[in-house]
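**Student:** Here it is: the structure, laid out below.
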Amino acid sequence: MGWGSRCCCPGRLDLLCVLALLGGCLLPVCRTRVYTNHWAVKIAGGFPEANRIASKYGFINIGQIGALKDYYHFYHSRTIKRSVISSRGTHSFISMEPKVEWIQQQVVKKRTKRDYDFSRAQSTYFNDPKWPSMWYMHCSDNTHPCQSDMNIEGAWKRGYTGKNIVVTILDDGIERTHPDLMQNYDALASCDVNGNDLDPMPRYDASNENKHGTRCAGEVAAAANNSHCTVGIAFNAKIGGVRMLDGDVTDMVEAKSVSFNPQHVHIYSASWGPDDDGKTVDGPAPLTRQAFENGVRMGRRGLGSVFVWASGNGGRSKDHCSCDGYTNSIYTISISSTAESGKKPWYLEECSSTLATTYSSGESYDKKIITTDLRQRCTDNHTGTSASAPMAAGIIALALEANPFLTWRDVQHVIVRTSRAGHLNANDWKTNAAGFKVSHLYGFGLMDAEAMVMEAEKWTTVPRQHVCVESTDRQIKTIRPNSAVRSIYKASGCSDNPNRHVNYLEHVVVRITITHPRRGDLAIYLTSPSGTRSQLLANRLFDHSMEGFKNWEFMTIHCWGERAAGDWVLEVYDTPSQLRNFKTPGKLKEWSLVLYGTSVQPYSPTNEFPKVERFRYSRVEDPTDDYGTEDYAGPCDPECSEVGCDGPGPDHCNDCLHYYYKLKNNTRICVSSCPPGHYHADKKRCRKCAPNCESCFGSHGDQCMSCKYGYFLNEETNSCVTHCPDGSYQDTKKNLCRKCSENCKTCTEFHNCTECRDGLSLQGSRCSVSCEDGRYFNGQDCQPCHRFCATCAGAGADGCINCTEGYFMEDGRCVQSCSISYYFDHSSENGYKSCKKCDISCLTCNGPGFKNCTSCPSGYLLDLGMCQMGAICKDGEYVDEHGHCQTCEASCAKCQGPTQEDCTTCPMTRIFDDGRCVSNCPSWKFEFENQCHPCHHTCQRCQGSGPTHCTSCGADNYGREHFLYQGECGDSCPEGHYATEGNTCLPCPDNCELCHSVHVCTRCMKGYFIAPTNHTCQKLECGQGEVQDPDYEECVPCEEGCLGCSLDDPGTCTSCAMGYYRFDHHCYKTCPEKTYSEEVECKACDSNCGSCDQNGCYWCEEGFFLLGGSCVRKCGPGFYGDQEMGECESCHRACETCTGPGHDECSSCQEGLQLLRGMCVHATKTQEEGKFWNDILRKLQPCHSSCKTCNGSATLCTSCPKGAYLLAQACVSSCPQGTWPSVRSGSCENCTEACAICSGADLCKKCQMQPGHPLFLHEGRCYSKCPEGSYAEDGICERCSSPCRTCEGNATNCHSCEGGHVLHHGVCQENCPERHVAVKGVCKHCPEMCQDCIHEKTCKECTPEFFLHDDMCHQSCPRGFYADSRHCVPCHKDCLECSGPKADDCELCLESSWVLYDGLCLEECPAGTYYEKETKECRDCHKSCLTCSSSGTCTTCQKGLIMNPRGSCMANEKCSPSEYWDEDAPGCKPCHVKCFHCMGPAEDQCQTCPMNSLLLNTTCVKDCPEGYYADEDSNRCAHCHSSCRTCEGRHSRQCHSCRPGWFQLGKECLLQCREGYYADNSTGRCERCNRSCKGCQGPRPTDCLSCDRFFFLLRSKGECHRSCPDHYYVEQSTQTCERCHPTCDQCKGKGALNCLSCVWSYHLMGGICTSDCLVGEYRVGEGEKFNCEKCHESCMECKGPGAKNCTLCPANLVLHMDDSHCLHCCNTSDPPSAQECCDCQDTTDECILRTSKVRPATEHFKTALFITSSMMLVLLLGAAVVVWKKSRGRVQPAAKAGYEKLADPNKSYSSYKSSYRESTSFEEDQVIEYRDRDYDEDDDDDIVYMGQDGTVYRKFKYGLLDDDDIDELEYDDESYSYYQ
């Protein structure tokens, strides 16, 4: 049946058929994308800018993406975590930000581990060593037949086991605790990207799903010889793991993984990729591609990271690994698999990008790979290409150990040259034109480990890689079914461009775009100019996609080594595999060639020929031999290659064996290696490194490997810098910038911090939590410091920061005096003394710097405090003070002076001891390595440096004696030892605990006593009934009746004498109470029994009754308790229960009887009210008049008339004390147990008196303690007076206060008094000398005469700070002491070598000044001097002046001081009357002025003008500081008033007010913020912009709170109160996942508030049955009716949290008085209402004038614009927000074409990226761009999209780029 007959259905079925067919075709194509709430963003400007933008649009900046600079990981908590629709909301306007260059919402990518599970039932776990069974690593005796293996043992025999090489497995984690992996595990090569931590341990489950990474790791680096399981190929390599497959795999996750620690990791092994389902086309997204590029360019210090990839397991699905962008990349080494037999495994894919192969499994019966497995086990069932890639990684590790300098391309070249076909079975083996045998199944063949290490040993780096892009014609060609399209392109290899010229090929990439109705029907081939044909794509049966290929890159390595130039032939075949619509043929739209390779032959002779040993010598110097011009016939230089030399000398080589080096005279010589400052370039040339590099791998500044002196290598950028960046320190030994500890902001060593990151404080050299002085933080709490430490950072004497009195801080330890090369620092700026290190040039010194030396090292001379290089003397000589060599003293081998104390080294026969050469070390030192070393300070003599190496002891530095015991000197001898006169501890006599000598014991051990005759210890033997006294060595009698007793207590018997009974460790003549005798012991009675025997109890304790030999509290039915007898007696036979034995004492009756007045009678005997039944008279008789009813007798009342109450069967008118009249029961009832007098059950009037347990009456009840809000007084709880919450003693003696009040000295007040602060509701006194504080230990302002520094008040500011408005402010970095913050405010310089001039610290005095030693400052010379030596002595004069004998410069020596020399009419002329000295007759030619006048430039004035002040020292008008309008001195802190635009704070003028102040425009001053504010915009508590410590900012109100109000939570990182999610009533953090309780219409479920109704509805009504009604139209979701109950707003609105109202963002053109709107400039995460601030009434008149003038100017400009617009003709319609199509795209394109530029960051093969033109930030013009289909759009910067406009912008691209 044809196509038409099958598809054309009649009628309505026609449409259904078409839809069914479309669905079937599109289903595989339209896979649902899953968008996450994570974004990748590229932002220029660093972390601060990224954080600002993230906060503005509601994102959280997780941090930089791996090693990708300027790429950040953003997370948005208020968007859906996983959605099939990309996120659209106000946060999407982040793309409009000028600094945002590119943004991409992350999409979940499916990645499959490339192992294959045959059958879980067949897996067997073994714990035995598996080496004999590891067939793929060696041929054992039981392996038959043994095929050619990978020669791994051969590499081992050559000494290579992977040592110092680091391999990381990118997978689902590795089990780092596995016994086979523990030894080689490398934490620096490991992290958990899925879990965002550093531990790569896999997630365990019942199925062991995450075993893959552990198996791969074992193949690489399982430890050898540990008797556990297997052996890794590189069993001495370091192994790490990156856990990244056990979660959502996104572009960011992959990029972070492949770029993890690239300077530490050498090889990355990955055994995963896109689905091997035969229909997927997928590869690295932009971030991962960038990470690959960065890895090969900068990883391994520029040598390039090595990426090893498994080729794929899609063989059964007819997959082709060219559709996998990871294995198809030039940056990865794609590894395939072969079975043991050499046959193709059934899972193997074919493709032209596979480089080589290793062993793995084949058929189910074939052997598989043995490796480590989860739960510390092993497996022999590892399969697939997953097993092959780690093998390759292990072999490459062996090669890198053999030659660590192999580049990433060198590794691929070595694999190409050493892999071999061997026994591998494939029908497509071919030999290319370069002589390499290659296959689509196995690449260049099976890897050979031994051959690789041998090749690596002699390898020379290949020339630089060239990239040639050959763009073919763009003519579209139609691909017909069952036919082929051929396109031929003649390539030149870019021969016209020497920087891109490719002659010898490596990788060849075809970049191709094809449209096709069924992608799986295509097959693509490429034929090289040499005739090598590569299959780039084979038919794929399951690929039904209609997408074709869009800029997809196919790669082949089959042309490796061939020439690039010539005809390249591309063939595209269309072979229909099933029926399809032939009306839509495929089209080859465009293709291009990208050729990678070198311009010269990549292999040097060293690589081509066997290595031979040759003698080398340096050839860097110029040749000095004078060669003649005749032909040279002698031997050539050893560095010439085998082609020899042609004269005239032996070094004139025809070709070099190793490298060419070009000398300064332009001649070339051959050298064995390039000299320092050069690198091995292409063509065997030595090229120069960048100027600062000592060694390098390229000529650029970011390709350094080591640096010249004075520079440090930044390991992250491979550049040489003079100063290391923040977060790193200078390693001066290795000239490196190394990273600081994670807590340091700056440091001098890894753990030696100098500045800490936020939230931590510097404790010595460590950053940790702050503790009070004398304590340190140990990670959990604050612990006391060592006794030497005043403050410390850790335990022990080495943890001191400052030392106690009598000790000095020296290099982190406390010493009693400064060591050699240290000096005592007199500054003591913090009150503690310290020893500072002398300058490196000094041996000893008395101060800092190189000018304070007091002695010098050997070979240097002391000159004016500086050590200068002396003469160079021979051994046995030294340099004397005149610089001459003199002979050392005879005992020295080398010395630094003439005496025997000046030795520096000794002869072999002598020992060096602190400058002396001695025959034996002094007694308090020991010899080690021919030097005397001091003993431990506790030893007098010793054999080593430790405290356990003493041989004798004496007194320590404090005069305390020490005693030797087992090599240690202790304060005293241990127990059982005594001290000899030689301070040695010897043992006491036997059984002696304390003694004076070996013969005299003073205390014996237990059980012994001192014999008075010989003072020895004799065993104490006590008689019967005696025991040893524990305090005295004697026998004491036991307690009476004891036969034996306890050593510790003679009263504790262990046995009793005859006639005594034992009970409770005592002996009794008769058994005590509550016991009875039984044989020789007393037995205790039962509980509550007073007397008993073995048969039972006789009587009971009070409150209990005897019943059948037992004691009971209640007797039970038929019995009552007889109080007198203490027994249970029987009731009357008629009673069920009773209170006595009588017939009328029943309380309940037997069945059939009725209770009547205490009697049980038959119903016939019931009486009338007021009468009772008389049994004797057998008739009714009247009750007593007081009874209402009675029983048995007239006076035994059972109820009473009204007004009377029943009490003990009598009626009383009032109840006695302890009872109360109950109207309900008509009887007197007992008060509660603790109550003495009451008027009701809970209406106590007086409590009982209980000695030792007082009770207090409160609101009718008795309490042992008065409740909160009351206090005890005379047995009554009285109420505290308001506003006390608790009080004591009296109503006003408060202990705590109600809300809104604070407690101060027992009184509740609204505010604390001055110099107090409220802490937890109690007023605490501020610290000493503190005027105002925010915490009891944190001062805010000091009292007069004191200054604030580090939150405390000091009498003076420490060095490096100056006093300003009672605050200590840091000086400029150049100043040691200063008077202000500027560089010209110094009073003392930081460096002692610097000089001071006009407050500036300079290296030397400037011209026109002289150095004054007394003040150590540079002073100005006289105006007439050009240079001078003092204030009145010129050394040279200004032009036109001459010097007189006194050193003064004058016009003419004949003229008087008030005259000048006239050159025109020679002679002396008088100065102007206003001048004292002058240069001419005019009044503006003065040099000095008379008294009461001041020199202003060259004019004398009475008063200085504005901007100047009178300098009385120089009698002139000097410039004020640039910030001052008027002043009293030159410094910035001597202003009287400020220039416009500056604000005055005290006497200082500032452009921006300091922290804690705000600028008041009306007064031009900096005014103090409210005490709770850190930064503010006004004086009120609601003007805060940031808060001080202990406060949190409520941004919506501008207030600082000690604790956040309801509906807010504390965000510690920003010190703010953040609003809970709109659905949360209370919460513990940001977002919808941290709720603690919910608002109405929501219920809590797992921290999330879930709506009770559908979206857009709210709940109405209580209980389980309720209704739901629609939300207000402005809300998307809500909690109630109306516009002010919203919980979620539409995309164009922002939720105002305080009133749950959805509002628009304010337009910049809206007037402040317009309707309510949100200020979205800073953030769209929360609505902050725009406020219109009222200007102060006191504003200057000039401000009002300015506003008026501005308004007039705006009106004039507005009028001009209107006139201009009218002249333009037709009015343009108002532009809608968003994008609109331009009318004529063809016309527009040319005008905007110049506005575009191509991306240089990513190749646009998978994702189309749109970029805007470059615009200035203030340019509001339309932005134009072109879409994929060529349509030109105009984009507007401001506003939101209308619903109608959105459709015009729909496109599928997931990334966007912007260049602003």
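Note that Cβ sites are derived from N, Cα and C of the backbone, with glycine treated the same way.
Found this in Swiss-Prot, in case it helps:
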- 115-1743: topological domain 'Extracellular' (TOPO_DOM)
- 636-1727: region 'CRM (Cys-rich motif)' (REGION)
- 734-777: repeat 'FU 3' (REPEAT)
- 1079-1121: repeat 'FU 10' (REPEAT)
- 1177-1221: repeat 'FU 12' (REPEAT)
- 1365-1411: repeat 'FU 16' (REPEAT)
- 1514-1559: repeat 'FU 19' (REPEAT)
- 1614-1659: repeat 'FU 21' (REPEAT)
- 1765-1860: topological domain 'Cytoplasmic' (TOPO_DOM)
**Student:** Six or more residues beyond either end and a Cβ under 8 Å away: which residues meet both conditions relative to the repeat 'FU 12' (1177-1221)?
**Tutor:** 1143-1144, 1156-1159, 1167-1171, 1227-1231, 1236-1241, 1243
**Student:** The repeat 'FU 3' (734-777): which same-chain residues, six or more beyond its ends, come within Cβ distance under 8 Å?
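**Tutor:** The answer is 694, 706-707, 709, 711-715, 721, 724-728, 783-785, 789-795, 799-801, 812.
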**Student:** Six or more residues beyond either end and a Cβ under 8 Å away: which residues meet both conditions relative to the repeat 'FU 10' (1079-1121)?
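**Tutor:** Long-range Cβ neighbours of the repeat 'FU 10' (1079-1121): 1056, 1060-1063, 1068, 1071-1073, 1127-1131, 1135-1141, 1145.
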**Student:** On the 0 to 100 scale, where does the mean pLDDT of the repeat 'FU 19' (1514-1559) fall?
**Tutor:** 88
**Student:** Across the repeat 'FU 12' (1177-1221), what are the DSSP residue counts per state (helix, strand, coil)?
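**Tutor:** Secondary-structure composition of the repeat 'FU 12' (1177-1221): 0 helix, 18 strand, 27 coil.
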**Student:** For the repeat 'FU 21' (1614-1659), what are the DSSP-based totals of helix, strand and coil residues?
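**Tutor:** So the repeat 'FU 21' (1614-1659) is made up of 0 helix, 23 strand, 23 coil.
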**Student:** Using DSSP, what's the helix, strand and coil tally for the repeat 'FU 16' (1365-1411)?
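**Tutor:** Each residue of the repeat 'FU 16' (1365-1411) counted once, the result is 0 helix, 21 strand, 26 coil.
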**Student:** Which residue counts does DSSP give the repeat 'FU 19' (1514-1559) for helix, strand and coil?
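**Tutor:** Grouping H, G, I as helix and E, B as strand yields 0 helix, 21 strand, 25 coil.
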